[in-house]
Ligand code: LLP
């Protein structure tokens, strides 16, 4: 988003015009930003065999999936539905990594039948996999490296108390299972968490994975998950992707030499690719001054963007209806019957009823975590590409609220 001709614009399109044309609340994505992020990552790992597996769950509109596919990525899916969505969007089964947690073996079998790579994250499922498929179907194993990293406790998943992955301390047990069933292990995986700033955390994860990898024959790839941090606050620092690229690529090349074959290196970024491309446009319904603060009540809330409430996440907010004039301090709140504070004590250009606010970093885990709570409708989504705005999801209607309810005639 940039200011041009006294307007906040993306690729020459005024965001206030989009709000007028499609209504609010509205998710808007800058397609070029996504392509730029893919390129940054590709460039950072240009001298190793990089495969990007975009984390579908971050933003799963099929047009976004098609866009990242065009840019050369594969995908990581975490449910059978995401697997099907990726296939629907045109990914080949071999471009899809399926990383489930706590799913039934039937769901894993369904994914095997669809031809995707399975990433197993617990020993019982590995045994089922062995019993059923033995050496026939290649498989990846998700290890938990016991690294405490990530923006907050809810998104730190590589520590010892996490439900994800097989503990690195259980490696011997894993190796026994692999041997007993003659499993064809082609990949190993770690994902330590989200919002990881420090390049050395990725390096630490890599070193743990290298040590484990030496115990396996015939590996084709190592997958380091996602978790690169993007800037949320003005002036925030983000993961230095070039530094991660240099450090991890070098360590990876050294490992490959020792291992005796040139493996692929996989990453599964979500936020890095799609967080900053997204804006949630909301309209100001009411300005309510209390003795303590001035609330700006908008036509959205935790039902559309749950991150501030769920993770205390900071999302920058801009009043895109006003470029001039004084600033005042406001607390932006939603219309949900909960304390759904979107942004507390923020300086905004003086707000008036009907103004449009843009909530930034709304691309990742925005729409994809939205709900119909309070029987509210989910917003429309617009993708801007090559200077054109495309409606990529219609706003829900009241019929959607009733769609799956069964009136038993009481
Ligand atoms: N790979 C695996 C196995 C994951 O579990 C995740 C995220 C990713 C990749 C992508 O992580 P990213 O690059 O987006 O940080 N809803 C939370 C984030 C939860 C992430 C869950 N797993 C949030 O809005 O902060």
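Quick reminder: no glycine exception, Cβ is built from N, Cα and C everywhere.
Note that TrEMBL annotation is computational and uncurated.
Remember, it's a predicted structure, so these values are computed and weren't measured experimentally.
What TrEMBL says about this one:
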type: ACT_SITE; residues: 337; note: active site, proton donor
type: BINDING; residues: 307, 311, 338, 365; note: substrate binding site
type: DOMAIN; residues: 27-363; note: domain 'Orn/DAP/Arg decarboxylase 2 C-terminal'
type: DOMAIN; residues: 33-275; note: domain 'Orn/DAP/Arg decarboxylase 2 N-terminal'
type: MOD_RES; residues: 57; note: N6-(pyridoxal phosphate)lysine
* Rounded to the nearest Å - Cα separation of residue 338 (substrate binding site) and the residue listed as 'N6-(pyridoxal phosphate)lysine' -> 25
* To do: Determine the C-alpha span of the substrate site listed in the record, that is the greatest distance between any two of 307, 311, 338, 365, in Å to the nearest whole number.
  => 20
* Asked: For the recorded positions 307, 337, 338, which residues place their CB under 6 A from an atom of ligand 1?
  -> 307
* residue 337 (active site, proton donor): which of the recorded positions 57, 307, 311, 365 have a C-alpha within 10 angstroms of it? -> none
* To do: Would you count the other CB atoms within 10 A of the CB of the residue listed as 'active site, proton donor', including those on all shown protein chains?
  => 9
* Asked: Among the binding-site residues 311, 365, whose Cβ has the fewest other Cβ atoms within 10 Å?
  -> 311
* Asked: Just the number: how many Å between the Cα atoms of residue 311 (substrate binding site) and residue 57 (N6-(pyridoxal phosphate)lysine)?
  -> 17
* Asked: Should residue 365 (substrate binding site) be counted as helix, strand, or coil on the basis of DSSP?
  -> coil
* To do: Provide, as an integer number of angstrom, the distance between the C-alpha atoms of residue 365 (substrate binding site) and the residue listed as 'N6-(pyridoxal phosphate)lysine'.
  => 7
